[in-house]
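Swiss-Prot annotations:
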- 1-50: transit peptide (TRANSIT)
- 60-335: domain 'Pyruvate carboxyltransferase' (DOMAIN)
- Asp69, His274, His276, Asn310: divalent metal cation binding site (BINDING)
Amino acid sequence: MVKHSFIALAEHASKLRRSIPPVKLTYKNMLRDPSVKYRAFAPPKMVKRIWPDKTIQKAPRWLSTDLRDGNQSLPDPMSVAQKKEYFHKLINIGFKEIEVSFPSASQTDFDFTRYAVENAPDDVGIQCLVQSREHLIKRTVEALTGAKRATIHTYLATSDMFREIVFNMSREEAISKAVEATKLVRKLTKDDPSQQATRWSYEFSPECFSDTPGEFAVEICEAVKKAWEPTEENPIIFNLPATVEVASPNVYADQIEYFSTHITEREKVCISTHCHNDRGCGVAATELGMLAGADRVEGCLFGNGERTGNVDLVTVAMNMYTQGVSPNLDFSDLTSISEIVHRCNKIPIPPRAPYGGELVVSAFSGSHQDAIKKGFAIQNKKQAQGETRWRIPYLPLDPKDIGRDYEAVIRVNSQSGKGGAAWVIMRSLGLDVPRPMQVDFSNTLQKNADALGRELKSEEITKLFKETYNYNNNEHIYVTLLNYEVKKLNPERRALVGQVEINDKVVNIEGYGNGPISSLVDALSNLLNVKLSVQNYSEHSLGSGSATQAASFINLSYIKDINNHATSNMWGVGVSEDTGDASIKAVFATVNNIIHSGDVLLAE
């Protein structure tokens, strides 16, 4: 029969089949051959790479540039009040280096720099960016005067494209300009006797480093280093930015390793990364850059910044965390951090953003939900035995570590399976729903989700479960047990006698079976004049200690249509401090549900 139906279906499909020609690409705007317009980036020639065999073992120095690079890229920059709130949040997260402004650009930036200087903890360094111009450098030093720790950050574009197109500057002129700026910063800071109360650090960025020939990047930084004369205790910071991401992350790692192995006095140098995300690889480039020798990472929370943004510091830090390496940053309340970033930047955090997105710890797929539910069941057992390792399918991070709860882990829509609903019921009612009942409830849920055309909320799922299975016999009460007694006839035979109330009348009942439940079901079969049979029964304890209760689940089959002997079945749930009472509640919940369905009619 099945074979013939498949054949008929195939024949029908064959008749309907029509030829669909391949789609021809029009290339309305894109080029058929992009090589006539774009050239592949030429990577540095590396005889031997060390970084591919390394792993990240410790946290880098972190610098947040949210208040400078991030803020300057906002359509509507932060207010002073928002900057202050953001500044203190960065400190509370654990950032020890914060780039707060471009103080020579405006009085507002200058004033905020003064606020940061006066309100930063002693162990937090305040950094400011400045162009390599004398009057701007002097203004920046003025803004930072009095800080416990301060870093002046100068920069100069070093790529051939920028030197030739934007600045019309030779390599020699670029080196001279960078050295001149460095000497001036030195004169006004660490060499000035009146500035000795501040620990002055210096950062130089060969801007567009990722598009700069490696040997020239080293050459200009050597000249800057010689002019600054760093120490091991206070190394010079060479920030090597992917100002525009021009190649794959492995190429950036090669560039970092080349610089790290060719710069002299490496112990007096701190190599910093500052990756933008033009190709979508900012995090990967940063991580490979650390493998290649970078000591420090600059970026923004959730990747704010010019164009496609800077590297997302949350992702880099939490990637380390989930590999067992402490990032020395505290994202325990990532939800509140996300709220502040969203509100101050006026840019929403994508719901799928790693770690911070609303949906990153949520599973809608049925197979995912089932795996997660099983993972938690095993995890709970192992934790009771002293195991601390986190090992849950599809969840590389314990949501509680970032302040999320487990309620958000499993979400139910029309695509969800039985595991998702079972998880919600376990979390809301404490019930470990038996697998056959999960399948039954899943069908009910999917129909509801399809009808609504949206995700079902946890409270909606719980309400639907209670209504569907007459939870604890609290709905649709047609038959009520008044009293009963079970007598032992022989080792395998029991008799139940009792009274029920039905249609406002007290009726005697009597039934037989191998135990109390089967005897009660037999008695109700006689009462309703329909054959009821126990198809599935399970129970488990609920809670612990003096508050322990019992939960019982029962599935009863019955003849739905006496003419063709069609059968159906229904589930019910009962909860009570007494196991026997829970079982009885489950039976009556099921029977009353059957009556409510209209499949079985009460006698007048």
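The backbone N, Cα and C atoms fix where each Cβ goes, and this holds for glycine too.
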*Which has the fewest other Cβ atoms within 10 Å: His274, His276, the binding-site residues listed?*
His276
*Minimum Cβ neighbour count within 10 Å among the binding-site residues Asp69, Asn310: which residue?*
Asp69
*Please give the average pLDDT for the domain 'Pyruvate carboxyltransferase' (60-335) in this predicted model.*
97
*asked:* DSSP secondary structure for Asn310 (divalent metal cation binding site), reduced to helix/strand/coil, please.
replied: strand
_For the divalent metal cation site built from Asp69, His274, His276, Asn310, further residues of that chain with CB within 8 A of the site's CB center_ = Thr65, Pro241, Thr243, Cys275, Glu298, Gly299, Cys300, Gly305, Glu306, Gly309, Val311
